[in-house]
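Peer 1: Below you will find the structure I want to go over with you.
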Amino acid sequence: MAERRRMSYSVHREVLDEEAMDEMGQKSVSKTSLREKVKKSVRCSGHQMKSCLLGTVPILSWLPRYPIRENALGDLISGISVGIMQLPQGMAYALLASVPPVFGLYSSFYPVLIYFIFGTSKHISVGTYAVMSVMIGGVTERLAPDSKFMTWDNVTNTSIIDTVARDDERVRVAAAVTFVSGLFQILLGLVQFGFVVTYLSEPLVRGYTTGAAIHVIVSQLKYTFGVNPVRHNGPLSLIYTVLEICYLLPQSNIGTLVTSVITILGLIAAKELNAFLGKKIPVPIPVELIAIVIATVISWQFYLQQEYGVDVVGVIPSGLQPPVFPDTSVFGQVIGDGFALSVVGYGIAISLGRIFALKYGYKVDSNQELVALGLSNSIGGIFQCFTVSCSMSRTMVQESAGGKTQVAGALSAVVILFITLWIGSLFEDLPKAVLAAIIHVNLHSMMKQFLDIPALWKTNRVDMLVWVATFILTLLLNPDIGLAASIGFSLLTVIFRTQLPKYSILGQVPETDIYKPLDEYHQVRQVPGILIFRSSATLYFANAEMYQETLNSKSGFDITKLLSAKKKLEAKKQRHEKKEAKRMTDLEDFISHSNRDPSLPRAIVLDLGPVNFLDTVGVKTLRSIRRDYGEIGVEVFLAGCQSGVVDNLQTAGFFNDKVTKSCLFTTVHDAVLYCQSAIAQSQSMEYKV
């Protein structure tokens, strides 16, 4: 790049305070009242109604203009590829949700069609997702544990689990929490609450998904080893589960373990081959589909369940389930879980959607995405689906296979419909260990997120701390409580950073109107007689006291001692006017000497440029600073105030007959020039005296 040519400029103007600036710029004083805002929002014209309809149902705006010749082939290939992926992933993630595998297929059909109609992202693949599924599994196993369905078998004289009744109950619980999470998302979307995702920073999301992935892996170990650990709930349940599985390892089913190992090794080898051939073939090899087909055939031919005790998927009913409104009696028990699911699912979907929107140059409406996901989940809950979001792996396949629009997602749903109606029952002999192996291998990419830690250590250690804390909290407190704790921790880091900002004394870059911290620039010089003080954060109740204390220490005045001595002497003067007159004169001489000391300032300029709001404590602090320094003869001026800060000062009663906007200057340089002029006049008067 060519070296930038240095340019110079010269501006001649008067020194401007806020009053002069308001007059020169003709500041507007009219504000829109709340009544007018409400009136404007409910006003509806034909154009507004059309825009509202197209915004609420985006398919009406883009489908009539769908370019068949350019997009149809890519969307067709992409849709079939993603549909094939949805089959094994839907069945595998149903195990995470602790419901029969066929409900994973339902969750890959109904919500996808709803999102096709209402969604605004052209590339994300909506459907089952590991993190969401394991959160659902925590709810279903908490409200419908195995112990609740134990029955006595008179033939064997042992207690057995009524799996049919248990699975029916778990499906009802999953549908209820899915419906509730959808309602939360719709409500948040209608009140324009899409910005809630800003509280889910990238380090938080990546640390959270990594921790949730560990929960997913641990939850599948029982299928990998063929053991039956007791379900643990609440904090530290992951630790208890791992310990119990280790205790049960000697009881592992050899047939199940061999199936798991062979499947995992085969999937890893096939995925490496996919990566090697990535640029040579148009679409990836559907390794998961091939794996479940081969495993089903082997299980059927060699009677793995009957001969070796390998647990299989079991009955898969053909056709679709009729709609059933979720059990409202469960709603009260799953409100917290529903909210957590709604926030996590939305956060993952909108983050991925924005990545592809930025890449391909279109806009994703964050509030409409909330509504779209909410409708997908709430309507899906009526059709006994469990909560969905978007999957990174399927989204990457959808994009790389040539998918251009939401049509690809709709075609993937058609593939799932075909499988569900006609060929789903062929997979009844599929070992659950194979589905668990698919989950383990698919989470390999999430394990790579541990590489974020050294990267963040080099770039931003606070973000690294958020990542690590989120990961640990998610591990120890489970995904639901861990999410809330992680958001709280992340917000605390923001508070601490504003509570402990960097305070600087500014100096002037020679022959410019630019002011920089003295401790960061060697050529910057402090303006004689003027202290310019700046905080890197806003001024509010959490740091107001530190702001004032730091200013006092950097100004060179022991302001507390001076004010205390002055008050004591004034009190004594009233009682012993003649005797104490000499001591009062001594104090006045001391203060006068302090003001004349060149090492101490005669004026203070507070640079409020970084301050974006002031609360009542912040305003009181500024008022106190002006009062205290004013009593010892040091003028305090404010500079660089944003309009909102000026409004905060005015609303809080900062200005009065004695304190006007003339103490506020538009820039630091304006304040410095004014102070220099005032100091020169004062010195001239002292010289004459």
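Keep in mind that glycine also has a Cβ here, set from the backbone N, Cα and C atoms.
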Peer 1: Labelled transmembrane segment by TrEMBL, one stretch among 50-69, 370-389, 630-649, 670-689. Can you tell me which?
Peer 2: 370-389
Peer 1: Have a look at 247-269, 431-453 and point to the one annotated transmembrane segment in TrEMBL.
Peer 2: 247-269
Peer 1: Would you say the transmembrane segment (409-427) and the transmembrane segment (173-200) are in contact under the rule of three or more C-beta pairs closer than 8 Å, pairs 6 or more apart in sequence?
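Peer 2: Between the transmembrane segment (409-427) and the transmembrane segment (173-200), which are separate recorded stretches, there is no contact, as judged by 3 or more close Cβ pairs.
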Peer 1: Looking at 281-303, 339-358, 370-389, 471-496, which one has the highest count of Cβ pairs under 8 angstroms to the transmembrane segment (409-427)?
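Peer 2: The stretch with the most close Cβ contacts to the transmembrane segment (409-427) is 281-303.
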Peer 1: When you scan the chain for residues with a C-beta under 8 Å from the transmembrane segment (471-496), skipping those not six or more beyond its ends, what do you find?
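Peer 2: Those are 131, 134-135, 138, 199-201, 204, 207-208, 210-212, 214-215, 233-239, 336-337, 340, 343-344, 462, 465, 542, in sequence order.
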